[in-house]
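Colleague: For His139, Thr140, Lys282, Asn291, Arg300, the entry in Swiss-Prot reads substrate binding site, with the evidence type sequence analysis. Residues annotated as divalent metal cation binding site in Swiss-Prot, with sequence analysis given as evidence: His174, His219, His274.
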Amino acid sequence: MTHASLPLALTQGDPAGIGPDIAINAWAKRRENGVPPFIFIGDPDVVASRAALIGVPVNIETCDPESAVSLFERAFPILPLPVGFDVQAGQPHVGAAHATIKAIEMAVSLTVEGRAAAVVTNPIAKSVLYEAGFGFPGHTEFLADLALRQTGKPVTPVMMIAGPKVRVVPVTIHIPIKDVPTALTEELIVTTCRIIDTDLREKFGIAAPRLAVAGLNPHAGEDGALGTEDRDVVHPATIRLRKDGIDAFGPLPADTMFHDAARKRYDVAVCMYHDQALIPAKALGFDDSVNVTLGLPFIRTSPDHGTAFGIAGQGIASETSLVAALKMAAEIYARSRVGA
């Protein structure tokens, strides 16, 4: 199979959520939105019932990745992964956890084996997976473990939200805010920023990335008056990064980093915790932002929203963020093939 013929490996996510809805909508609007070919890893019965529920005609064909690209124009290609029970839209069930996890594992395997171009994941419900014994805080950490299992090499995953107006990275991710000051170390900031710098160059074609580093505390700590972390941890990290030739500057007061003029000064905002990064990202591009995992030996993107159980099966879920995630994955893959 040539590189040009590789499909994207799209996971079902939680089958009771809007993953099936938005995948169906993305395929139905593939021509008008220029959606790159994907193979959907999930349950054909879920797709068929959800398509009927939301009133979108879809021609389903089960296939392997090698056939997906040629099928994509006329059919919704599925690599079958039965859930094992009758899924009801909007009603999450622990019985779906195994298939949800297995779909992610299959997508990673296909991509590492060179049978798919990239992994694109639909939203999962962490609480449902935890009930089934899932031992990871979220997608990002699970993907890092899969990368280790597939390649034998440990990785440090970095979550970046990329939208049309801003890119953001939280240095700490899925931990309680009370634990952030302890988890936030100079070494973690330096490692995260090195990965950002490398991947913005290699995956996004930015020749000289500019990294704006936010402070942890209000006003970036006011030189220790409002907390010592920015003075003692964040600032030394930026000094080390600049010595390494990485254009990282800060710590900056986070409340002045996201207005129009400020965003022109950097390529990515490096934030200290989850909500410091994701609130501005979603405020500036809720429908068309993409979650990209940097630092992995394969490409992974996902829509920047959750399972939205409350609207699953109602025909009102927007596929915009998923389409953006599919397009970004395809663009990164195409860029990676230049000169390969």
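Any Cβ shown, glycine's included, is placed from N, Cα and C.
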Colleague: If you count the C-beta atoms lying within 10 Å of each candidate's C-beta, which of the binding-site residues His174, His219 ends up with the smallest number?
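Modeller: Sparsest of the binding-site residues His174, His219 by Cβ contacts within 10 Å: His174.
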Colleague: In the structure shown, which of the binding-site residues His274, Arg300 has the fewest Cβ neighbours within 10 Å?
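Modeller: Comparing Cβ neighbour counts within 10 Å for the binding-site residues His274, Arg300 gives His274.
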Colleague: So among the binding-site residues His139, Lys282, who's got the most Cβ atoms within 10 Å?
Modeller: His139
Colleague: I'm trying to understand the geometry here, so how far is the Cα atom of Arg300 (substrate binding site) from the Cα atom of His174 (divalent metal cation binding site), in Å to the nearest whole number?
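Modeller: The separation of the Cα atoms works out to 18 Å.
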Colleague: Let me know how many other Cβ atoms fall within 10 Å of the Cβ of Thr140 (substrate binding site).
Modeller: 21
Colleague: Please give the maximum pairwise Cα distance, in Å and rounded to a whole number, for the substrate-binding set His139, Thr140, Lys282, Asn291, Arg300.
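Modeller: Among the residues the record ties to substrate, max Cα distance equals 19 Å.
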Colleague: Taking only the Cα atoms, work out how far Thr140 (substrate binding site) lies from His174 (divalent metal cation binding site), in Å, as a whole number.
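Modeller: With distance taken Cα to Cα, His174 (divalent metal cation binding site) is 9 Å from Thr140 (substrate binding site).
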